Amino acid sequence: MAPLNPTSTVDDLELTDSEARRNSIVHYRVYKRRFFGLVQLVLLNIIVSWDWLTFSAVSSTASEYFDVSQSAINWLSTGFLFAFVAVTPLTIWALHRGPKTSIVISALLIFVGNWIRYAGTRAGSHGHFGVVIFGQIIIGFAQPFVLAAPTRYSDLWFTDKGRVTATAVASLANPLGGALGQLIGPLWATQPGDIPNMVLYTAVISCVACLPTFFIPSKPPTPPSDSGNLLKPDIATSIKSLAFNKAFLLVLIAFGVYVGFFNAVSSLINQIFEPYGFSETEAGIAGALLIVVGLVASAIVSPLVDRTKQYLLTIQLLVPLIAIGYVILIFAPATRTIALPYVVCAILGAASFSLLPCALEYLVEITHPVSPEISSTICWVGGQLFGAIFIIVMDALKGGFAGEPDDTMKRALIFEAVISCLAAPCVFALSFLDKDSIKLGRHGAENGTERGS
């Protein structure tokens, strides 16, 4: 392969690789060991999300134990999300080196952060809340290293017939951890004095899950496909390319908004329902339904998208469902019956989770040959940043609505619904871009059709 000029553009790089493929024969294959790394990526995504939402479904109990307000408890989630944003450059660097480097960094941070949190809960009769937040932020630093890794890992180890499914399995494991946290937290912490033990049990499980990380393979001996064998442009060139890619920016806005609101609802689930007489356990079940139904729906949708490659159509069908779901959520708590909240959470989960891997893989396609971890990390940063901002805004909008309970979040839910509806047109605007902008570049390259040909 000819050496690359340092000033090469993304298109130059694609042509260079295209010429190399015509002049050489490469035998591709996949390895069963890829599933070992995938399983470990799944485990860490489960654990890091469980750690994130440890306190969300027991916010009242936690606030009583630490002797702080529920708004202070919300900062355990908000600080976690801001921590994600802070380490983004390091995340991109680590994933550019390879997914194993990134996964190992995450495991180490999870280990350290969990034990700092536990130490904070045992410091005095009410714990030391500042130490707990510090441990939570350390775990927040760990999240991007595994949450942004699935597209990079699937590109390195899987063919185009299994990438969406592999990305879905690893990405959606993250909210599964959140579901476990919301379900199990209220069972382990039925009273304020149970909080330290809840954090201890979570720390032990987290550490056990981290151990296999050091034994996963770093890369396959032979790439699985053309994509896995391509030279990727450097980070600076990639970011410059993405900054002027209209299709990428439109998907980034929608992805950031909907992931952000999912994070906000997951973090505030108890505070949304509790003012209307729902228990912490019922709120935890609602949060778990949001996630479990979503996992089932994604398990159905992802293989279909893998086969059909109908990324854009799928995205355009799912986004309106999410926006409508947030509109209905405004009225669900006030019914004071649990049926409608459960149904709305199930619909939101099904649409959101089906959208997630589809959007991530679509971004890889339309930004090819930009390395997958760069587009996915930037999108996840958008989701986490929006999530942190939305939590702060929604917490500030609590109460102050005539005829509703004092701590109602109805104004916050109206804000959520309005922004969700305003973001929806972004995905439909993609249809009005030129065809080359939304072409499936990676799929075309692997099947002999180059971008622009």
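Glycine is treated like the rest: Cβ placed from N, Cα and C.
Between the listed ranges 154-173, 374-393, TrEMBL ties the annotation transmembrane segment to 374-393. Relative to the transmembrane segment (247-273), the listed stretch 413-433 leads the set 126-147, 285-305, 338-362, 413-433 in CB pairs under 8 A. Take the transmembrane segment (126-147) and the stretches 35-53, 285-305, 338-362, 413-433: counting Cβ pairs under 8 Å, 35-53 has the most.
Counting Cβ pairs under 8 Å to the transmembrane segment (285-305), the stretch among 35-53, 312-332, 338-362 with the most such contacts is 338-362.
In this chain, the transmembrane segment (312-332) lies apart from the transmembrane segment (35-53): fewer than three C-beta pairs between them fall below 8 angstroms, excluding pairs fewer than 6 positions apart.
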